[in-house]
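Novice: After the structure tokens below, expect a handful of questions from me.
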């Protein structure tokens, strides 16, 4: 039996450091073997996961000694937070650990999609020379719209402003008198932001209130030729409506790192859609961020278990 069970990949140096204070089982294959995971709960006081391990009531019932769930990241939709609270189990996200990675990912997507030239390698190597078709747009002076204005969005806003972008944000949970609005235009209505922004980036959790927040009506409201980038959670965007908007060329492009079903299947509604860049839920995952969130999580777990921090 181990004090700590780790079911997904994690920085090995951080794991080794945790082993100085706790007995640890580190098995990144457990996420793909639910039965084996559920049979591994005896004596485990802390479980460390990423976004694929489902921490639900079924799992909690098989981990009777569990006191903490360390989340290697910030999204909590794979964790039944209410069930954990009822059992007095601490849920410990690695807040701030992947902020830089996500912000850089979003800005890269904006540059790639607005300029339009970076994915031309096959055509150029085939002898085409489509200079006029790939002329694209500069990003300086463009307006970035942020849906949600938490820590990652605020860091992204600062970086975008340094590049000469105008930034506006919509977040009904940030009071109008919050100091965060001093440097960013506040859009009271989501529709106002969608109408004005040249690029829209999503930074909200998935909930009943945000499921399909960006639906067909919202996409139609967006500025013609604008971009949509989703690094938040699949389900916030209606993928069928997005595919239609891209095919109709109302949107200028989209970059999705998260999807309603992961991984995608060959018959996805997004298959064959031009103007789309798709990545496998990796916006927040770099070598540097993996180290940061691993060490943050190790410290969080140590504190929760009352050992050296």
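Glycine too: its Cβ is placed from the backbone N, Cα and C atoms.
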Novice: Looking at the NAD(+) binding annotation from Swiss-Prot, with 151, 152, 171, 231, 232, 233, 281, 282, 283, 284 already listed, which candidate in 215, 248, 257, 299 is the matching residue?
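Specialist: Swiss-Prot lists 151, 152, 171, 231, 232, 233, 281, 282, 283, 284 binding NAD(+), and from 215, 248, 257, 299 it also lists 257.
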Novice: Closest to residue 262 (active site): which of the recorded positions 171, 232, 233, 281, 284, going by Cα position?
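Specialist: For residue 262 (active site), the spatially nearest of the recorded positions is 281.
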Novice: Kindly assign residue 151 (NAD(+) binding site) to one of the three DSSP-derived states: helix, strand or coil.
Specialist: helix
Novice: Measure from the Cβ of residue 281 (active site, proton donor) and count the other Cβ atoms within 10 Å, all protein chains considered.
Specialist: 20
Novice: If I take the alpha carbons of residue 151 (NAD(+) binding site) and residue 281 (active site, proton donor), what is the distance between them in whole Å?
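Specialist: Pair distance, Cα basis, whole Å: 19 Å.
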